[in-house]
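> Positions annotated as GTP binding site by Swiss-Prot: 12-18, 40-42, Arg301, 327-329, 409-411. If you look up Swiss-Prot, you'll see Asp13, Gly40 marked as Mg(2+) binding site, on the strength of sequence analysis. Per Swiss-Prot, the feature IMP binding site maps to Asp13, Glu14, Gly15, Lys16, Asn38, Ala39, Gly40, His41, Thr126, Arg140, Gln221, Thr236, Arg299. Annotation comment: Swiss-Prot describes Asp13 as active site, proton acceptor, evidence class sequence analysis. Marked as active site, proton donor by Swiss-Prot: His41. The substrate binding site feature in Swiss-Prot is assigned to Ser295, Thr296, Thr297, Lys298, Arg299, Pro300, Arg301; the stated evidence is sequence analysis.
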Amino acid sequence: MAIYAVVGTQWGDEGKGKIIDFLSSKIDYVVRFNGGNNAGHTIVVNDKKFIFNLLPSGVLQGAKCILGPSVVIDPLILIQELEVLKNNNIKTEIFISDKAHIIMPYHIKFDELSEQKKGIHKIGTTKKGIGPCYADKINRIGIRTIDLLNTEIFANKLKTNLEEKNQIIEKIYNDKPLDYDDILNTYKKYIEILKSLITNTEKILHHAINSEKHILIEGAQGTMLDIEHGTFPFVTSSNTLITAAAGCGIPISKIKQKIGIIKAFSSRVGSGPFVTEISNSIGDIIREKGQEYGSTTKRPRRIGWLDLLTIKKAIALNELNHLALTKLDILNNIESLKICTAYEFQGKIYDYIPTSCETIEKVRPIYKVFKGFKEDISNIKNYDDLPIEAREYIEFIEKEVGIQISILSVGSEREKTIFRNQEWSNI
């Protein structure tokens, strides 16, 4: 039995989808433990691009897929993704936790209206209803997938919630109320499609562990968007750390292989402090070469140099023992590359990320500068064949964080991957 966990070390969009995809080739179960359709992961197989927002990345390898209790589910999006699998003749088993919460139309409405009302102070959410859905969960008024299996229970909870939500929509936001019958009838159609997938996933995972099955746990977003440890309030609404995987029913002590995904540069979607942000044309070049646009929102991502403070924080919080570096190929033909090693503010050197966003906004990055490499590295298969400049960049990261980068991605396709030890190439 082997249980792997994969998490992002930055602000999401690190390239987790590709890494998870090939790790899933010999995995029995892939489990998503957090977030909703605000996360997007892109996988390229045989020159065909797949983008999923809810289904785990391992779905293309035939692993059984579980959406855990802490995932919030938009039924329409999930149905659309299931249709993609069907249309591409991809056969797999999908299990939805009966404890997972359901995104309702009023959650999406609240998300949109709240962002509008905040104006220049908006968080920059995806407006998918994720935050309002988690808020209802915390307030203990959310609708769970188990409620969908009993029409009377679902209808009563919807009625109670909608009466309260419509009061807020009308009186606080001066907008039109939502219609109860429209929502009920629409969701009844969703229920017919999804009800056979809703089950006790905790029981399935316990059986899998006892049967010594191989399990891969997949996190959405990244460490710096964690609700507790990220750049609050410019964060997501869920816990993104490996510790949150316990919510799936898998004891943390069982997870031996913890893999952190690092993008060779930094990116961020939406508002919030971004110390290493590149404000000149180099940022634009990296964005275009790397196609750095949100999988979910299509918004252009903000681009920055690699920030080692975020990587060190992610390693410490997640107890990572393996690293994968992605999109190294995007950095070719750039004269100088930079890595941030510390921050400075008012004469004080920070080797950690301050808690206050107001402080983070004011710090100055301290950089180590590297000579760039010109070669196209996207077809290189062996580490020693990489340009010396690329290897110096990689080895500096390893020296600073104390963990070997075992996997290098030099292109979006599965085969454009360099393994630095036999353990990963044989999985």
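Including glycine, each Cβ sits where the backbone N, Cα and C put it.
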> Here the binding-site residues are Lys18, Lys298, Arg299, Arg301; which one has the lowest number of other Cβ atoms no more than 10 Å from its Cβ?
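Comparing Cβ neighbour counts within 10 Å for the binding-site residues Lys18, Lys298, Arg299, Arg301 gives Lys298.
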> IMP site residues Asp13, Glu14, Gly15, Lys16, Asn38, Ala39, Gly40, His41, Thr126, Arg140, Gln221, Thr236, Arg299: biggest Cα-Cα distance, Å?
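Farthest-apart Cα atoms in Asp13, Glu14, Gly15, Lys16, Asn38, Ala39, Gly40, His41, Thr126, Arg140, Gln221, Thr236, Arg299 are separated by 34 Å.
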> Of all the recorded positions given, namely Gly40, His41, Gln221, Lys298, Arg299, which is spatially nearest to Val410 (GTP binding site) at the Cα level?
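Going through Gly40, His41, Gln221, Lys298, Arg299 one by one, the closest to Val410 (GTP binding site) is His41.
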> C-alpha of the residue listed as 'active site, proton donor' to C-alpha of Gly12 (GTP binding site): distance in Å?
10
> Taking only the binding-site residues Thr126, Arg301, Leu328, which one has a CA atom nearest to the CA atom of Asp13 (Mg(2+) binding site)?
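For Asp13 (Mg(2+) binding site), the closest Cα among Thr126, Arg301, Leu328 is found at Arg301.
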> Anything within 10 Å of Gln221 (IMP binding site)? Look among the binding-site residues Lys18, Thr297, Lys298, Pro300, Arg301, Leu328, comparing CA atoms, and list what you find.
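Of everything listed, nothing lies within 10 Å of Gln221 (IMP binding site) (Cα to Cα).
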> Can you grab the distance from Thr126 (IMP binding site) over to Gly12 (GTP binding site)? Cα atoms, rounded to a whole Å.
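Roughly 13 Å, rounded to the nearest whole number.
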> Sequence order is fine: just name those binding-site residues in Gly12, Gly15, Lys18, Thr297, Lys298 with a Cα within 10 angstroms of Asn38 (IMP binding site).
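Among Gly12, Gly15, Lys18, Thr297, Lys298, the ones whose Cα sits within 10 Å of that of Asn38 (IMP binding site) are Thr297.
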> I need the nearest neighbour of Arg301 (substrate binding site) among the binding-site residues Gly12, Gly15, Lys18, Thr42, Leu328, using C-alpha distances.
Gly12
> For Gly12 (GTP binding site), what is the tally of other C-beta atoms lying within 10 angstroms of its C-beta?
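Looking across every protein chain shown, the total is 28.
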> Whole-number Å only: compute the distance from the Cα of Gly12 (GTP binding site) to the Cα of Arg299 (IMP binding site).
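Between the alpha carbons of Gly12 (GTP binding site) and Arg299 (IMP binding site) there are 14 Å.
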> Which of these binding-site residues has the least crowded Cβ, counting other Cβ atoms within 10 Å: Gly15, Gly40, Pro300?
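Counting other Cβ atoms within 10 Å of each of the binding-site residues Gly15, Gly40, Pro300 gives the minimum at Pro300.
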